[in-house]
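So the structure is just underneath, and the comments pick up after that.
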Amino acid sequence: MAEHAIVAEGLRKRYGDTYALDGFDLTVAAGTLHGVLGPNGAGKTTAVRSLATLLRYDAGRATVCGYDVAREPHRVRGAIGLTGQYAAVDETLSGRQNLVLFGRLHRMSKRAAGRRADALLERFGLTEAAGKSAGQYSGGMRRRLDLAASIIRTPRVLFLDEPTTGLDPRSRNEVWDAVRDLLAAGTTVLLTTQYLEEADQLADRISVVDAGRVIAEGTADELKARIGGDRIEIVTRRAADLVAVAGLLERITGTAAVTDPDTRRVGAPVTDRVAALTEVVRALHAAGLTVEDIGTRRPTLDEAFLRLTADRTGKTEVAA
Amino acid sequence: MRKLRLAAADSWVMTGRNMAHVVRSPEEIGIYFMLPITFVLVFGYVFGSGMQVPDGGNYREFLLPGVFAMTMLYGMGATATSVAHDAQRGVVDRFRSLPIARSALLTGRSVADLFRALLEMTVLLVCGLLVGWTWHRGAGYALLAVALLLALRMAMTWIGIYVGLLVPNPDTVGTIIFPLAFPLTAVSNVFVAPELMPGWLGTISEWNPLSATVAAMRELFGNPGLAGGSTSWPAENAVALAIAWPLVLVAVFAPLAVRRYQRLSR
Ligand SMILES: Nc1ncnc2c1ncn2[C@@H]1O[C@H](COP(=O)(O)OP(=O)(O)OP(=O)(O)O)[C@@H](O)[C@H]1O
Ligand SMILES: [Mg+2]
């Protein structure tokens, strides 16, 4: 197997005046899970559909498992599984009929397809609903059926476009478990998500996408580090104290503080958090300022995400 | 060769899928059979009893092969609607991401619709017999006539598939199929013998693919041709034309449809 399961270089896809992909680059090592994060309309679905041979990109180059996506789409299709953003199951057929159909299209015998269907229905908690039309499934059930359909034959590369959107916590855990099992079996996974927690939990590496292009790439820790390390956070007792506290914080940390009058919060990045915290507490005491809460914390991936995408769109960051 | 066998296997699985659809929504079966039954009863009785036949032949006997062919023609609408629905369904994404023959969904549809046509045909023939129509040259020729009817249906299926892939949504299918199908039935030998039409209209009518099948059926069933014995080439070679037309139509529309399908949402 190629060392890189997925490679995309400078992918471009235009719809009218908008570039859904505008120089999209991606490299995913075999056997890893790569997360793709991005706001609505960033181009995540377009990227996944292009790599899964459903869309033809206008420019650029892409390979999956070493096969050229544009020139050898049939070979790519033989290596991948796809769970799109919208469930791709036959709504007239029952859940079981769906899985048997796709199994047969994977050239399994009738019997083997039936056995596989039953095993997958069991695994995704759909055994009871096996005979019902997929059209009568709830959104979450349909998504699970869709995921089951895309792993009927263990794919070498699995594309998951927001696989857990709209799932309850239990179903989400089932999906995560299934994904971890696939990873353990050597499958490479490309996963797009709105849930940063999901990327944080599952992804080996993450690409942050905005306006059709990757604006940051790295491990979750690297991305968090990129927007600065720890922060001191203070909640003042009275809104009137905000300015004084912010001034004090800036003097000690030597960095710009962010204030949010609504929540009476002041925050600023620090390098040595324990020393800074001690000094701030002492200074507050000396100045006679009482506060409701004070502490240090690491940035969440959400903050990293908001910061990174805000830089591009020029929006101001929401104070944490 | 191996590729062809795999493609056939994929198409067969898709055929099964389409048949399963029919089984799971039985109300649709009722709708399929409404059309042939009403066509035979309405045309057979209303026109069949009211029309004077110049050469003394039985107008109902003359009319019914035309009604059979018309039913096959309008079957195109059902095909187009199913395909348009399919094209909108998310499941097409999954079909397109599988390593299967790209034509499988469409060939599967055409085979399933042929099975459907067989059922329709049975209903048609039974209804025909009930209203007093029959064949006069023996079962062998009658079966040949039915085969030609199926060939016509095959051609209509592929046109229907192509139309279904062209329309932006399933609700517009009807508005496209009717203006397409109506002139084809009106300017044909279904209701009136082409010899009775003004010159150029008669010529169009004689060369109409629908007319070819109808004329061939009348010949093979031994039903009256009305005003009898036109000596034009299409009338003399009705059976050959009834074989050639469907072949030509499939050869044109099947590749068009497959190409269109491959370009869906690209
Ligand atoms: N078929 C299409 N026609 C026109 N524009 C399109 C089409 N598909 C996508 N776009 C545009 O391309 C851009 C990227 O869309 P895409 O669906 O890839 O975003 P996304 O990151 O998946 O968003 P979301 O998080 O909402 O799923 C958007 O601006 C969208 O409007
Ligand atoms: Mg999307």
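Glycine is treated like the rest: Cβ placed from N, Cα and C.
Nobody curates TrEMBL annotations by hand; they come from automatic prediction.
Annotated domain 'ABC transmembrane type-2' per TrEMBL: B:27-264, in sequence order.
Summarising the annotation, TrEMBL assigns transmembrane segment to B:29-50 (among others). For the transmembrane segment (B:29-50), same-chain residues at least 6 beyond its ends with a Cβ under 8 Å from one of its own Cβ atoms are 22, 59-60, 63-64, 67, 70-71, 74-75, 78, 116, 119-120, 123-124, 127-128, 131-133, 191.
Positions annotated as transmembrane segment by TrEMBL: B:62-84 (among others). If one looks beyond the transmembrane segment (B:62-84) by at least 6 residues along the same chain, the residues whose Cβ comes under 8 Å of a Cβ in the stretch are 18, 21, 32, 35-36, 39-40, 43-44, 47-48, 53, 106, 109-110, 113, 116-117, 120-121, 124-125, 128, 131, 133, 145, 149, 152-153, 156-157, 159-161, 163-165, 167, 169-170, 172-174, 176-178, 180-181, 184-185, 188-191, 210, 213-214, 217-218, 221, 223-226.
TrEMBL lists B:117-135 (among others) with the feature transmembrane segment.
The transmembrane segment feature in TrEMBL is assigned to B:141-165 (among others).
Summarising the annotation, TrEMBL assigns transmembrane segment to B:172-192 (among others).
The transmembrane segment annotation in TrEMBL covers B:238-258 (among others).
A contact between the transmembrane segment (B:238-258) and the transmembrane segment (B:141-165) is present, since 3 or more of their C-beta pairs, 6 or more residues apart, lie under 8 Å.
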